[in-house]
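If you look up Swiss-Prot, you'll see GLU265 marked as active site, acyl-anhydride intermediate, on the strength of sequence analysis. Among the features that Swiss-Prot reports, succinyl-CoA binding site is placed at ARG267, GLY282, SER285, ALA308, ASP323, ALA324, GLY331, LYS360, ARG373, GLN374, ASN375, SER376.
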Amino acid sequence: MAIETVASTDAFKVLVAEVTAQEGYREPMAFGIARVDRGQKNAEKVLQANFPLINWKENFGSAAVFIKALQEAKCDVDFSGSEFVATINDNFVANAMAAFAPYLAEATGDSHKNVQVIKTLAKMEDIGKNFRIVFLFEDANPESVEAVYLKLYALSLRKAELRKVNLNGAFGILSNVAWVGNTPYELDYLRENEIEMKLNGTYPTVDSVDKFPRFLQHVIPDDNTRILEASKVRMGAQLAAGTTVMPGASYINFNAGTLGPVMVEGRISSSAIVGAGSDVGGGASILGVLSGTDGNPISIGENTLLGANSVTGLPLGDGCIVDAGITILAGTKIKIAPEELEKIKAANPDAKLDNKTTFKGEELQGLNGIHYRQNSLTGEIIARRSTREVKLNEDLH
């Protein structure tokens, strides 16, 4: 059987209702069609998934059409697991085209992007084995490369919030590959063919060896976002409009990023988030959950300055400053003069701070308007009420 050409939008709604009413049907939380890159040695191994479009808690009518098109193409869709992945074929595309018939003419620009995907596939003579569709029915641990990539896309496209996507086990699913431009190569393939490739001049220029691709290999940033070195941002990072990532010591890991215009000249580790208007100075490090924070994810507030080569392993509020070269961790002993403590309390009326002069860093986490410094005579870390406004150059963001 096949889907008969749908004549109207009302008929389309009827089709969707029929599909979603079938026994056991589950509405996916996310889905998309990807072109996959397979291993040069092992063609069954998927190395990368390129999604021209992902759907995240949206476009459920298109999901129903894709499920029906799979079923009519003799593919049994399994709704029982947390995800379902299948290779699509020309029969699937023909069925989807028939279902989307009322929308084909108007599927241009920003309209009906899922229909545009199907229209593009329909123009290809033979889609072969390299196009896969994935449905996520719940945010469980990913089980496939396609599912990992769909979630990374959701983060980098700002469809999902940072720290709110389950990526447990992703490292074990992705292969460590040599990246040549946007093409992944199996390392074993390069080893086995090294002699021939080097002698005949076909050995590729390897840009990196990693399990994750670069952000710019998959995502087009906002017009006012600048990334001066592609290697500085990993796929799965999330960059708000107006973010500038300078060359040198900067780096943004997956599941980390910015919430507004931010100057990034330092390192934002996995799970770390930086608020709008903040400045991560040259070589400054914001620790991730695996690098010294005891599993406590670090959020940096708005209009906060992290000085060059500083290390921050403590959540900071708005309007804070960490001086260059110092380290602020949960266990760091911090001296606060009585008069400065009163000013900090005034800026943070909900904070419960004891009247003492020595605090552990964790007692100050998330507080606003604190300037962390080091006494150059004693070496003590001190804190005082910040009196300096942190403001980015609007022309640069």
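Any Cβ shown, glycine's included, is placed from N, Cα and C.
If you draw a 10 Å sphere around the CB of ASN375 (succinyl-CoA binding site), it holds 10 other CB atoms from the protein chains shown. Here GLU265 (active site, acyl-anhydride intermediate) is positioned 20 angstrom away from ARG373 (succinyl-CoA binding site), judged by their C-alpha atoms. With a cut-off of 8 Å between CB atoms and residues at least 6 apart in sequence, the same chain places GLY307, SER310, HIS371, TYR372, ARG373, GLN374 near ASP323 (succinyl-CoA binding site), listed in sequence order.
Within the set ARG267, GLY282, SER285, ALA308, ASP323, ALA324, GLY331, LYS360, ARG373, GLN374, ASN375, SER376 that the record links to succinyl-CoA, no two Cα atoms are more than 26 Å apart, and one pair reaches that distance.
All protein chains considered, the CB of ARG267 (succinyl-CoA binding site) has 22 other CB atoms within 10 Å. Here the recorded positions are GLU265, GLY331, and the one with the most other Cβ atoms within 10 Å of its Cβ is GLU265. Contacts of SER285 (succinyl-CoA binding site) defined by a Cβ separation under 8 A and a same-chain sequence distance of 6+ are given as GLY266, ARG267, SER269, SER310, VAL311, THR312, in order along the sequence. All protein chains considered, the CB of ARG373 (succinyl-CoA binding site) has 18 other CB atoms within 10 Å.
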